[in-house]
Ligand SMILES: Nc1ncnc2c1ncn2[C@@H]1O[C@H](COP(=O)(O)OP(=O)(O)O)[C@@H](O)[C@H]1O
Ligand SMILES: N[C@@H](CCC(=O)OP(=O)(O)O)C(=O)O
């Protein structure tokens, strides 16, 4: 089972507030430097890693000399703004020692709920990964309000795993993994080694946050594993204090708790596409394009003869034959007006016609299901 983590090519690593700030005592730069070293080692073996790091509010509180986490939203937001500076500065310094560039990405729930912004966030993140950069993500605490915030970074980590179709989500925390009960309250609790992410019985074992600094606790980690599994990502919950935890996990060592997904990322995605799409438009294809799709290729603009409906980038569209039969459906990379301008044209002309190019395909095969 642990091969699942060894074989993961793209990983999201989440580190929680308690770890990053040494239980609120200020940024633990030694620990941050150690994760950076391990992530650099992973990169050197060809793995792509996105880091989701908490700690802005805790670091800001420390910089401002506050002992207790305030309740007022504006104070929390102010602390996050102060602390995020220190957080990314420390990571930049740590990764630069391994000749790695970092990029700060602050996300809100809105960014991932809106299809267009979701796709844009996805292409930026995958571009950064291809450039060898380590993206460092946190919630945009400074601008979110109560109703729209993720609230804990476990959920954010899972959403990022869904967003970039990661193979694994590694949640580093201050416990060895999931125990049969909160080990702070029940000393007889034992570590769960592995199980199906979808197994609902784990929810009953998990309690709330361990410290005043953290938000989520174990329950948000279990729900994050369920959510990550929906896009086929396996989740590992392990201790960030364990020496070389990241390296050892990717060598298939049975550290912490593995909550594995039961379908592959592509199967999961295609299932979602098949079940959940509300079609926003139609593309009429020529015979050549229909044959290309049926042999498993992406749809290029050259094979589209007509565009029906009004839609935005990221919308779901049906690909049809001239007689109206649905051949496939998928998520489109250009809006309807852009599609009309590039239909029947070669992909090499997209940039000239639109003034920019997002992708050479209209619908990528990974975002398409045949009917
Ligand atoms: N069944 C459980 N197994 C392990 N830890 C649990 C469990 N239930 C609750 N917890 C608590 O969850 C805490 C980890 O979550 P949290 O405090 O939110 O940390 P983080 O900042 O890493 O997200 C642990 O310190 C522990 O007290
Ligand atoms: N975005 C917040 C993190 C929220 C939080 O505490 O999350 P977690 O450590 O996962 O319980 C921050 O940077 O302070």
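For all residues, glycine too, the Cβ spot is worked out from N, Cα and C.
The following features are taken from TrEMBL:
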type: BINDING; residues: 14, 173, 174; note: ATP binding site
type: BINDING; residues: 54, 141, 153; note: substrate binding site
type: DOMAIN; residues: 281-363; note: domain 'PUA'
(request) Work out how many Å separate residue 174 (ATP binding site) and residue 141 (substrate binding site) at their Cα atoms, rounded off. (result) 23
(request) Provide the three-state secondary structure of residue 174 (ATP binding site) computed with DSSP. (result) coil
(message) Going by a 10 angstroms cut-off between Cβ atoms, which of the binding-site residues 141, 174 has the sparsest surroundings?
(response) 174
(message) Suppose you look only at the domain 'PUA' (281-363); what would the mean pLDDT be?
(response) 95
(request) Under 6 Å from ligand 1 by C-beta, which of these binding-site residues make it: 14, 153, 173, 174? Sequence order, please. (result) 173, 174
(request) Would you measure the largest Cα separation among 14, 173, 174 for the ATP site and round it to whole Å? (result) 12
(message) I'd like to know which of the binding-site residues listed (54, 153, 173) lie near ligand 2, counting only a CB under 6 Å away.
(response) 54, 153
(request) Run through the domain 'PUA' (281-363) and tell me, per DSSP, how many residues are helix, strand and coil. (result) 26 helix, 23 strand, 34 coil
(request) With substrate as the bound species and 54, 141, 153 as its recorded binding residues, calculate the greatest Cα-Cα distance and give it in Å as a whole number. (result) 11
